[in-house]
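Before any comments, here is the structure.
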Amino acid sequence: MANIGFPKGFIWGTATSSYQIEGAAKEDGRGESIWDRFSKTPGKVGDGTNGDVACDHYHRFRDDIALMKSLGMQAYRFSIAWPRVLPSGRGKVNPAGLDFYNRLVDALLEAGIEPFVTLYHWDLPQALQDEGGWTQRSTAEAFVEYSGVVARSLGDRVKKWITHNEPWCTSMLGYEKGIHAPGIKDFRSALAASHHVLLSHGWAVPVIRAASPGSQVGITLNLSPAEAASPSAADYDAFRNHDGYFNRWFLDPLYGRHYPADMVADYIKAGHLPAEGLTVVKPGDLQAIAVPCDFLGINYYNRAVLRSDKVPEAENHPRTVFLAPESEWTEMGWEVHADSLRRLLTRLHLDYAPGKLYVTENGASFSTGPDAQGRVRDDRRLAYLRDHFLAARKAMDAGAPLAGYFVWSLLDNFEWDRGYSQRFGMVWVNYETQQRIPKDSALWYRDVIKANAVSEP
Ligand code: IFM
């Protein structure tokens, strides 16, 4: 067994998000979010649950921080609930909401854990959705106001900021497929939403920097390393389209390359855009989106293998197929494929040359629970994490400037449209009692952090 070391200063942490863990949905002046509304709409969340209580982190954050400290976490990525801070999305600030995050940040720093703050992890104030949500430019303006309020309050202590988590999910799951809040199924709206999310990022970066001097600001994308199922021209075209839809649509404008022309052409041809193209893009927008950032955050879970045939009428995109039936799968139905993380990080380095990368999320859903002795032997999660850490290390050898890694997630939590049926945590949560039990993967991760090294199997 070789011990594979990571560079000195490499940051090891874990990640969560507000709606998935906080609970306290109606406390201290918090406004309604699109996820409150969506999860309470019958049929939207598989197990009929919602985030009203979740992991009750709002009341238990001190214990959760003590737990992180005991596991040796160096950094903690969490998100701010916009409707706690600005219950109507803009205008009147709710001081109690800001106080919660001030207490959280202070307690983290006291525990020696660096806060990485995500400003938007999907809980848009419902009041903004009532005006059209991310399909409207005014939501991007409201996001800048909100970012300024948060950065002015926390910016003396928070030095790592992430504007958005996974703009693809915000726009495509929320407005194209309708399986996430706000549950809209209209591809043209989704394309408008994607532009306004990116625009709000570009506009917010200088505001955050001004309010939080010396800080580093970036954005997190969920990317889909893709490959063609065969060397045929048709499958290659399916790959091109998927890569454009999932990856280049977001990466290209962020790195100053405009929206990919081949995708705009595809969307015009399919009638998703008018002949004039992306009319939501106004003069100056692309320069704003391409604001230089300090880092790019990557959330990686699985790869996509693309085949051109049998595209059902209702789908806008080529069929994604998962070959390799001998593969292992997580309980989300996602293929385990660590080498695609290496490929992804290497490709980003070669194609876009970000100054710094973080894996801001990576993890696996396995429901293994406590045995008779109360121990959670989640061997498959442990192996998943080990293989992905090693794959990331190989990408670093190939030059990818990876500076840190955040395991998704600290706690089992509310997995959006899947409710509590999926468990991604390194820490088991008993939702009846709110008891936490670090799983074997968490104890193993503690040793990785301590050694700053991973043992090869
Ligand atoms: O739980 C989510 C998280 O909110 C965003 N990234 C993917 C995770 C697993 O689905």
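Backbone N, Cα and C atoms are what each Cβ position is placed from, and that goes for glycine too.
Quick caveat, the model's predicted, so the values are computed rather than measured.
Summarising the annotation, TrEMBL assigns substrate binding site to GLN20, HIS121, ASN165, TYR301, TRP408, GLU415, TRP416. The active site, proton donor annotation in TrEMBL covers GLU166. The annotation active site, nucleophile is assigned in TrEMBL to GLU361.
Projection of TrEMBL feature records onto the structure.
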residue	record	Cβ within 10 Å
GLN20	substrate binding site	27
HIS121	substrate binding site	24
ASN165	substrate binding site	24
GLU166	active site, proton donor	24
TYR301	substrate binding site	23
GLU361	active site, nucleophile	25
TRP408	substrate binding site	24
GLU415	substrate binding site	21
TRP416	substrate binding site	23
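In the three-state DSSP reading, GLU166 (active site, proton donor) counts as coil.
Close to the recorded substrate site, the chain also has SER17, GLU166, GLU361, SER409, ASN413, PHE424: residues not among GLN20, HIS121, ASN165, TYR301, TRP408, GLU415, TRP416 whose Cβ is within 8 Å of the site's Cβ mean position. Cα of TYR301 (substrate binding site) to Cα of the residue listed as 'active site, nucleophile': a distance of 8 Å. If you compare every pair of Cα atoms in GLN20, HIS121, ASN165, TYR301, TRP408, GLU415, TRP416, the residues listed for substrate, the longest distance is 18 angstrom. A separation of roughly 14 Å, to the nearest angstrom, links the Cα atoms of GLU415 (substrate binding site) and GLU361 (active site, nucleophile). Checking Cα-Cα distances from GLU166 (active site, proton donor) against the binding-site residues (GLN20, HIS121, TRP408, TRP416) with a 10 Å cut-off leaves HIS121, in sequence order. Each residue contributes its Cα atom, and for GLN20 (substrate binding site) and the residue listed as 'active site, nucleophile' these two points are 14 Å apart. For the binding-site residues HIS121, TRP408, TRP416, a Cα to Cα distance of within 10 angstroms from GLU361 (active site, nucleophile) holds for TRP408.
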